Each structure stands twice: as structure tokens, then as C-alpha cells.
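Take a look at the structure set out below.
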Amino acid sequence: MPKATSDAKLLIQSLGKAYAATPTNLKIIDLYVVFAVATALTQVVYMGIVGSFPFNSFLSGILSCIGTAVLAVCLRIQVNKDNKEFKDLPPERAFADFVLCNLVLHLVIMNFLG
Amino acid sequence: MASAALDSLPAPLRSLRLKTKQQELLVRVSALALIYVLAFVIRLFSVLRYESMIHEFDPYFNYRTTLFLSEHGFSEFWNWFDSESWYPLGRVVGGTLFPGLMVTAALLHRLLRALSLAVHIREVCVLTAPFFAANTTLVAYAFGREIWDSGAGLVAAALIAVCPGYISRSVAGSYDNEGVAIFALLLTFYLFVRAVNTGSLAWALASAFGYFYMVSAWGGYVFIINLLPLYVLVLLITGRYSQRLYVAYNCMYVLGMLLAMQIRFVGFQHVQSGEHMAAMGVFFLLQVFFFLDWVKYLLNDTRLFKSFLRITLTCVITVGTLALGIGTASGYISPWTGRFYSLLDPTYAKDHIPIIASVSEHQPTAWSSFMFDFHILLFLFPAGLYFCFKRLSDATIFVVMYGLTSMYFAGVMVRLILVAAPAVCLISAIAASATIKNLTTLIRTKSKSPQTVSAKATGSKAAAKGAVDQSLPFQQNAAIVLLLGAFYLLSRYAVHCTWVTSEAYSSPSIVLAARGHNGGRVIFDDYREAYYWLRQNTPPDAKIMSWWDYGYQITAMGNRTVIVDNNTWNNTHIATVGRAMSSYEDEAYEIMQSLDVNYVLVVFGGVTGYSSDDINKFLWMVRIGGGVFPVIKEPDYLVNGEYRVDKGASPKMLNCLMYKLCYYRFGELTTEYGKPPGYDRVRGVEIGNKDIKLEYLEEAFTTSNWIVRIYKVKPPKNRS
């Protein structure tokens with residue numbers, strides 16, 4: 001399998017090179033997303049070890065992470081300068097929407113955590 | 001248009017003149033206001049004909065819970081344990097209902113009280129459905145404008161305001177979940193399409209809230225949570241994936257799911273039940289799709305991307321299949337429920353679940369009721385589909401899919417015509433509006449004469465064809481003729497809708513009306529007579545046994561405890577009642593003693609000719625009873641596969657409890673001139689057992705037209 005490994009190596013190299021060109025604000029959002037997903041995974045692992053007994057607590061924990069990640073990805077799509085679909089949308093409006101959605105998300109999560 | 005004539009006016013008048021755009025706005029707003037009023041007013045026939053009262057069966061439960069909610073407050077409502085139904089089990093009402101309707105009505109009531117309008121909660125409940133139907137027209141207008149143009153929106157609003165398929169469930173007094181749910185359904189769809197078109201998080205959030213309202217109101221939300229992923233899937237397959245879609249669906253799904261979990265009756269179903277798994281699958285699929293798209297954009301190299309694709313796809317499919325397999329095998333993901341199966345396979349319920357099949361509104365739809373409920377929309381619908389395909393966009397694809405899937409479901413179950421009604425109206429509106437627009441532009445370009453564009457008209461397929469070809473002679477005349485034809489069709493639609501509403505859909509079914517010999521109207525108010533008798537003459541803790549159809553009404557109007565009611569959550573309990581009704585009197589007495597029954601209530605139409613009585617429902621009792629207790633066998637009650645009550649009936653039939661209770665003392669009564677005594681006017685036969693003696697029960701009350709008969713269960717005999 002030497003070809004496959006070299007393929008994978010080449011893949012990772014070119015991906016890293018391409019990603020380095022991304023603007024900083026997008027990189028920050030990416031970091032936020034990665035962090036949220038990592039938290040979600042940790043919770044899944046924890047659930048696997050301890051069990052999912054207060055199921056609503058587990059669900060609210062994991063949905064909080066997934067929701068955060070998804071909303072952040074949406075924000076990333078909307079503020080990306082290269083994106084032609086959202087040229088008319090000012091970044092301020094996108095951010096306001098993002099904050100609003102997060103507010104709703106976490107208010108509901110707080111209610112559900114119980 | 002008429003500006004030349006207006007230019008000659010004096011200056012002060014000229015300043016009052018409206019510009020064409022303003023004129024159009026004025027016409028549009030006033031038309032919409034009229035439609036709003038019309039949608040409300042046409043649903044008031046039932047109040048005019050009868051009185052302001054709650055109809056049918058389920059609405060009585062809703063009314064009772066609303067009353068409780070407005071008297072005791074939300075927190076007690078949420079934790080309400082009802083011991084008056086399902087004796088001796090009781091029912092946790094707060095956790096087993098959709099609270100949307102009750103909360104809405106209670107809030108409206110409180111709002112009106114705050115405005116110092118002293119109305120009774122019953123009036124609010126009676127008028128909730130028409131009010132929401134009127135609001136639906138506004139949503140239909142907005143939706144139509146989003147998918148086509150404002151003209152189509154206006155036509156859609158006008159069509160849905162009077163569409164019989166919708167009116168059937170939203171007349172004044174039919175205080176049922178569907179009344180608000182169709183509004184919520186259409187609102188959710190509109191906001192979602194809006195979110196897809198704009199790609200804005202705020203609209204997606206609004207659509208999640210619409211979904212929340214829908215979930216709180218009606219179990220039909222399952223349609224939304226399956227249609228949206230299907231739509232996303234179709235867009236993905238046809239290569240119409242866009243990042244607007246990603247934003248709209250993901251935000252709507254995550255927030256909508258989370259909000260829906262707050263409704264206790266729905267609870268964890270979004271992550272556990274098989275009916276909701278499609279949405280979750282598509283959610284993950286979209287993430288994968290987005291990720292691949294992003295990597296492709298980063299790499300900018302086809303060969304590398306292909307190898308990347310191979311690796312990720314293999315991983316994802318393996319993991320997904322494994323998770324689904326483990327989840328189903330370990331029982332974590334519950335399989336689909338019976339009602340859902342019967343949607344996909346119409347014959348499923350007939351073979352497996354008699355309790356679903358026994359409800360008449362769960363039967364497959366007949367062609368005539370399609371015609372009855374949609375009238376010309378049935379012909380406009382395909383034409384509208386043609387227009388949608390001609391101008392394909394994300395929004396029209398959505399409405400086409402909504403139309404086609406809901407039409408399928410409408411064919412499977414009669415009651416789901418309701419879900420199809422908004423889609424059919426929208427698509428027909430597109431056909432009507434586009435056709436009229438074509439025709440009027442044709443007329444105007446030739447003659448240059450002022451011709452007001454009327455958005456409130458409709459046409460046929462032939463009309464559309466005539467408009468396309470520009471070079472025909474007499475084109476203008478033909479267009480005028482077609483336009484007149486369109487107006488004629490539309491007016492027929494309006495006439496049909498009004499007629500259907502006043503004749504067919506405005507009867508409360510708790511008060512019956514019939515034509516007497518001399519043509520005058522005869523009112524049978526036996527149900528309420530019986531329920532008020534129960535309320536006044538029985539001890540407050542009396543337990544009433546009846547077939548489950550009347551359970552809600554007895555608890556709401558009679559204020560007495562019932563054994564089973566219309567919330568058919570416990571099949572065994574219903575089967576026990578069915579067994580009691582179809583056993584001999586002494587066996588039934590034992591069952592009734594074990595359930596603490598004090599009174600038995602049966603509905604009997606033999607005197608008046610009221611056909612949906614207990615004798616006609618009896619075979620279902622036998623079937624449901626026999627499903628749990630194999631002692632009860634359906635062939636015992638039939639003679640050569642035929643159901644009869646006359647002399648030729650089977651001995652078991654002639655002596656079972658239900659037969660005895662219905663026909664007790666009936667042999668002495670002459671119902672129709674020239675017929676022998678004991679002539680049953682529903683079945684059209686002379687009954688077979690005229691000499692009925694009751695040993696363990698005694699007649700307590702029979703209403704003036706014999707429709708409801710109540711028997712008292714005698715206490716056990718003294719030991720001798």
C-alpha cells in the first residue's frame with residue numbers, strides 16, 4: 001500500500017497548504033467549531049462509560065455542542081468573503097442572527113437540562 | 001392607464017390621485033382584508049343553524065381541558081392526573097396531549113378579558129378554528145408570493161379561504177387540533193422556504209418556532225419532519241445543493257428538534273423513534289456533504305479529491321450503518337408505529353390494528369370525496385404542476401413535493417385531505433393566476449384599452465394554450481371567451497364551497513337534524529338530554545360504561561367517570577368493554593362488576609333512522625374484543641357471513657348484551673306506519689327478539705327519540 005500512504009501524505013500536505021491561506025477570522029470560527037465538536041465527542045465517550053441515565057441532561061449537553069457548532073458553521077458561511085451566495089448579507093446582520101439563535105438555543109437548553 | 005383622463009382634472013384633485021403602484025397596493029390590501037373576513041364568516045354557518053356549541057367527539061375533550069387550564073393555571077394543567085376517565089387506570093392528561101390548542105384558546109380568552117370583553121371560554125373555543133383559518137389565508141398569501149408572485153398569493157388566499165377540504169375541519173365549533181395545526185403547518189413551510197431562499201439564520205429560527213407550535217398542536221408534525229429531509233435529499237440529488245439550504249435546514253432541524261422535545265407528549269421521540277430518523281440522517285448527510293464541498297474547494301485538484309472522497313465515504317457509510325443496526329437491534333430506536341405503517345401501506349391497519357381501522361376517518365378516500373372537497377382545484381392542480389415545472393426554483397420544487405406527497409396521503413386516509421388542501425390551493429392558484437395573467441396581457445397588448453388585471457380568476461389548461469400562441473386570428477376574442485369561462489368556473493367553485501359548507505360540514509353531529517314528513521326541520525337533541533340526565537340524576541362518583549366513541553362527551557357534558565374514551569391508548573381496556581358488550585348478560589355482569597360499572601349507555605338509532613349507532617358499530621366491538629380475548633369469535637355473530645338483527649340472526653347475536661340493551665321494549669313500539677311493531681328503521685327489518693328480559697340491569701332513562709338509552713346495573717343480590 002505504498003501508493004495509498006503517499007496519496008494520503010500528499011493530501012494532508014496540500015490541505016494544510018491551502019488552509020493556511022484562510023483569513024484569520026474564519027480560522028477563529030473554525031477553532032470554535034472544532035472545540036465544540038470535540039466537547040460533543042467527549043460527552044459521547046463519557047456517556048459510553050457512565051451511561052445516559054438523565055437522558056434529557058445528556059441530550060441537552062450534546063445538542064448544545066452540536067447546535068453551537070452548526071450555528072458557527074452557518075456564521076462562517078455567511079461571513080466568508082469568497083462566498084458569492086451571501087454577498088448582500090452584511091457581516092453585522094449575520095452576527096446578530098447568530099447571537100439570536102444562540103440565545104434561543106441556550107435558553108431552551110437551560111430549560112431542558114433539568 | 002387612466003392617467004390621460006385624470007390629467008385634465010384640477011390641481012387639488014390631481015394631488016389625491018394615486019400612482020399605479022399605490023392603486024395596486026390598495027386593491028391588494030383590500031382584497032386580502034375581504035378574504036380574511038370571508039374565511040371567518042363562511043365558517044359561521046353552524047352557529048347560525050344550531051347554536052354556539054362544541055361539535056363532535058374529540059373537541060369535547062379539548063374543551064374540558066381548556067376549561068381546566070383557564071381555571072387552574074398552566075402548572076396544574078401540566079401535572080393533571082385525570083381520574084374521571086379510563087377508570088380504574090386514570091390518565092396522565094398533561095403528559096399525553098398536545099397542549100397547543102388549549103394554550104392558544106386560554107391565551108386568547110385571557111387577552112379578551114384583559115381588553116375587558118367579558119366572553120365565556122366556550123365562545124372562544126367555538127371561534128378558535130375560524131380565527132386560525134382566517135390567519136391561514138394570510139400565510140397562504142405570503143407563501144404564494146414567495147413561490148410565484150403576489151397575484152398567485154392573492155388567488156391562493158382566496159381559494160384556501162373557502163376550500164371545502166379545509167372547511168370540513170375548521171367550522172365554528174369544531175374545536176380540534178387540526179384547526180390551529182394547518183395554520184402552523186403552512187407557517188412552518190412558508191418560513192422554511194423563506195429561509196432557503198434568503199439563507200438567513202433568523203428565518204430558519206422563525207421556522208423552528210413555527211415547527212414548535214405545530215408539534216405542540218398536532219401529531220401531524222411527523223409529516224413536516226419527514227417532508228423537509230425528503231426535500232433536502234431531492235435538492236442534493238438534482239444538484240441544487242446550496243449553502244443557503246445548509247443554513248436553513250441545519251438551524252431549523254437542531255433548534256426545531258430541541259424545541260419539540262419540550263413538549264412532554266413528544267419527548268425523546270426525535271432521537272428514538274424510527275419515524276424521525278430520516279431527518280437526523282439527512283442532517284448528518286448534509287454535514288458530510290458540506291465538509292466534502294469545503295475540502296474540494298480547498299484542494300482544487302480532482303484526482304486528490306477523488307481519493308479523499310473514497311476514504312471518507314467508506315468510513316461514513318460503515319459507521320452510519322453500524323450505528324443504525326446497533327440502535328435498532330438493541331431496541332434503542334423504536335420501530336415505526338401502526339398509524340405510520342398504515343400510511344405507507346393502506347392495507348396494513350385492516351389486517352393488524354382493528355382500532356385504527358374502525359375509525360371512519362382513517363378509511364381510504366373515495367373519488368367522490370376528492371371531487372366534493374376540491375371541486376375545480378382537482379383540475380387546476382395538474383395545470384399548476386405544469387407551471388411549476390416550467391419555472392423551476394427551490395421554492396417551486398418544495399411546493400410540488402408538498403403537493404404530491406400530501407395528495408398521496410390524502411388518498412390513503414380521508415382525514416388527511418386536510419393536509420393536502422393548502423398545497424392543492426397553492427398549486428392551483430399558480431395555474432389560475434398565471435393563466436389569467438397571460439390572457440389579460442394578450443387582451444391589453446392588442447387593444448391598448450384599459451382593462452383591469454383581475455387576480456381573482458381562474459382558467460383551464462386550454463386557456464393557457466391559447467395564450468401561448470401569438471399569431472392566431474381572433475386571438476383577442478378567444479382570450480375574452482376563455483377569460484369569461486375562467487370566471488364562470490371560479491364562480492361555480494365559490495357556489496359549490498358555500499353549498500358544501502352550509503349543507504354538509506356545518507352539522508355539529510351532537511344535535512341531529514332531519515327533514516320531517518312536511519318538509520320542516522326536525523331537531524333531535526337526544527345526546528345532550530341524556531348527558532344532562534346523567535349529570536343531574538346519578539351519584540357524582542358513578543361509573544358509566546359505553547363504547548369509547550362517547551367517552552369524551554360523557555366526561556365533558558355528563559361530568560361522570562367513564563371506563564374508556566376516545567383517547568384509545570389502552571387497547572386491552574377497550575377490548576374488555578367490547579367483550580362485555582358482546583357477551584351474554586350474566587357474563588357481562590361479572591365483567592361490569594369487576595370494573596365497578598354503575599350505568600351502561602348505548603346509542604340506538606332504530607326509532608329515528610340514525611345510522612351511526614351502536615348496533616352498526618357492534619361488529620367492531622366484537623373484532624376489537626376478539627383481538628384480545630379469543631373467546632369472542634366474529635363468526636358467532638354472523639349468519640353465512642351476513643350481519644343481521646332479524647329472525648334469521650344467530651342466537652348469540654340475539655342474546656348478547658348490546659342487542660338486549662338496544663332493543664329492550666322495542667318490540668312494543670310501532671316506528672313506521674304500515675310496518676309491524678319492532679321495525680328497525682336503520683336496518684329496515686323487523687327485529688328477531690321482541691321478548692327481551694333483563695336480569696342484571698334495569699332501564700334507567702331513554703331519551704325522547706330513543707337515541708340514547710341508559711341502564712342501571714343492579715347491585716349484587718343478597719345472600720339467601
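Backbone N, Cα and C atoms are what each Cβ position is placed from, and that goes for glycine too.
A quick note: this is a predicted structure, and the numbers were derived from the prediction, not measured.
Of the candidate ranges B:124-144, B:418-438, B:649-669, TrEMBL annotates residues B:124-144 with the feature transmembrane segment. Across the domain 'Oligosaccharyl transferase STT3 N-terminal' (B:31-427), mean pLDDT in this model comes to 89. Each residue in the domain 'STT3/PglB/AglB core' (B:544-601) gets a DSSP state, and the totals come to 32 helix, 8 strand, 18 coil. Among the recorded stretches B:92-112, B:311-333, B:395-411, the one sharing the largest number of Cβ pairs closer than 8 Å with the transmembrane segment (B:246-265) is B:92-112. Tertiary proximity for the transmembrane segment (B:395-411) is limited to same-chain residues at least six positions away from its ends with a CB under 8 Å from its CB atoms, namely 143, 146-148, 189, 192-193, 196-197, 223, 227, 230-231, 234-235, 238, 240, 343, 364-365, 370, 381, 384-385, 388-389, 417, 419-420, 423-424, 426-427. The stretch from B:92-112, B:124-144, B:370-388 with the most CB pairs below 8 A to the transmembrane segment (B:211-234) is B:92-112.
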